[in-house]
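Student: Handing you a structure now.
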Amino acid sequence: MKQLTILGSTGSIGTSTLAVVRANPQLFAVKALVAGRNVELMTGQCLEFRPAYAAMSDKRAAEELRLRLKDLNVATEVLSGEQAACDLAALDDVDQVMAAIVGAAGLLPTLAAIRAGKKVLLANKESLVTCGRLFLEAVSASKAQLLPIDSEHNAIFQSLPASLQQQLGYASLENNGIESIILTGSGGPFRDTPLVELPHMTPDQACAHPNWSMGRKISVDSATMMNKGLEYIEARWLFNATDAQMEVILHPQSVIHSMVRYRDGSVIAQLGSPDMRTPIAHAMAWPQRVESGVQPLDFTRMSAMTFAQPDYTRYPCLKLAMDASKAGQAATTTLNAANEIAVAAFLASEIRFTDIAALNVAVLDTLSCQEPQNVDAVIAIDREARAAAQALLPRFAAKRASVI
């Protein structure tokens, strides 16, 4: 029986992880749950899975959860704050940690799990985007095991030789006969929207992904293809890939989740239904396989699979991320922080959809940071970039108001 801590249990990855636990109660047990403010959902999760601990980032939410669980006679100990999340990620009797807190907020708890030598199921791509080299050094020093959860990175992982799977972040692709890694992306809901209409797209339209069911922030990132850009950065770190060893292509059907191109002309792809329970179940059970609850892919019901090159005019955020990856860790940290502010402002209807990329560019142009040498420096860059983005927001909000 594997004991599990879930960081971000009330989000889409967290609930999918619990669905896999539910499908395999003889294999997995929940030791601890960590979430933000969703007391209603966390109460239900504690009632069903009876974890020893639950932590909320918000102190008031934790107090409300504590009262609700007491009324329900649930013995789960309730904690609050960032340190509690870090402590639960490093519990002695926890075997694996699902790192699924969205954004830079997930960095320190994920690092705590790494430093404790846990098997870390990495869904928080920002850990590598903001802290790639330092993160992988911590993995190496602690002998922790890293398994990717993002459908694309999990697909790549499954398409790699076993020797490479054991050496994430350090093995040579070239020495293993690999020419390139091919990241696929659907292109989001605005793939065919006329460019002149993009400024007028609403948050609800941006969150209506054609294939995947996701949270609102990642749905907007999919619409801008910033999500693919962050995955590009993450893939370079995870698989020790150069810019020349990376390809990004559009695949609207989201059936092929990513591919690996080999020197002999072979291309190995991982296919499946667009359901995050598949990569989650794979990582939780690796190197074995378990039931995920996902409907099998029915090839007889599939339409043709199509592919195309991404248009950077339509997806400037993708190009921004690729360029930031070449510039270094300070640039990727700055971009990630600016984007989180920009997406939150768009979801609050404060700026237009196309202002997300424009605000990201403005913050990158404003800041000039030295490469971080430790986690504190990364956090400082993140904080500075967020402040710069907040300071620039009124300019874009005024522009939106003048258009309405």
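Glycine is no exception: its Cβ is also placed from the backbone N, Cα and C atoms.
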Student: Look at the 1-deoxy-D-xylulose 5-phosphate binding annotation in Swiss-Prot, where S151, E152, S186, H209, S222, N227, K228, E231 are given, and name the residue from K119, K125 listed for that site too.
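Tutor: Matched candidate out of K119, K125, per Swiss-Prot for 1-deoxy-D-xylulose 5-phosphate with S151, E152, S186, H209, S222, N227, K228, E231: K125.
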Student: How big is the Cα-to-Cα gap, in Å, between D150 (Mn(2+) binding site) and T10 (NADPH binding site)?
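Tutor: The separation of the Cα atoms works out to 17 Å.
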Student: Would you mind listing, in sequence order, the residues at least six apart from N227 (1-deoxy-D-xylulose 5-phosphate binding site) in the same chain with a Cβ closer than 8 Å to its Cβ?
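Tutor: Spatial neighbours, sequence-distant, of N227 (1-deoxy-D-xylulose 5-phosphate binding site): G185, I218, D221.
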Student: Give me the non-local Cβ neighbours of T10 (NADPH binding site): same chain, 6+ apart in sequence, Cβ-Cβ under 8 Å, ordered along the sequence.
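Tutor: When sequence neighbours closer than 6 are ignored, T10 (NADPH binding site) has A35, G36, N38, L41, M42, Q45 within Cβ distance under 8 Å.
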Student: CB neighbours of K125 (1-deoxy-D-xylulose 5-phosphate binding site) within 10 A?
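Tutor: The Cβ of K125 (1-deoxy-D-xylulose 5-phosphate binding site) has 28 Cβ neighbours within 10 Å.
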Student: Just the number: how many Å between the Cα atoms of H209 (1-deoxy-D-xylulose 5-phosphate binding site) and S12 (NADPH binding site)?
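Tutor: Distance between the two Cα atoms comes out at 14 Å.
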Student: Considering each pair of residues in T10, G11, S12, I13, G36, R37, N38, N124, E126, G215, all listed as binding NADPH, report the largest CA to CA distance in Å, no decimals.
Tutor: 22
Student: Return only the integer: C-alpha distance in Å from E126 (NADPH binding site) to E152 (1-deoxy-D-xylulose 5-phosphate binding site).
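Tutor: It is 15 Å, counting Cα to Cα.
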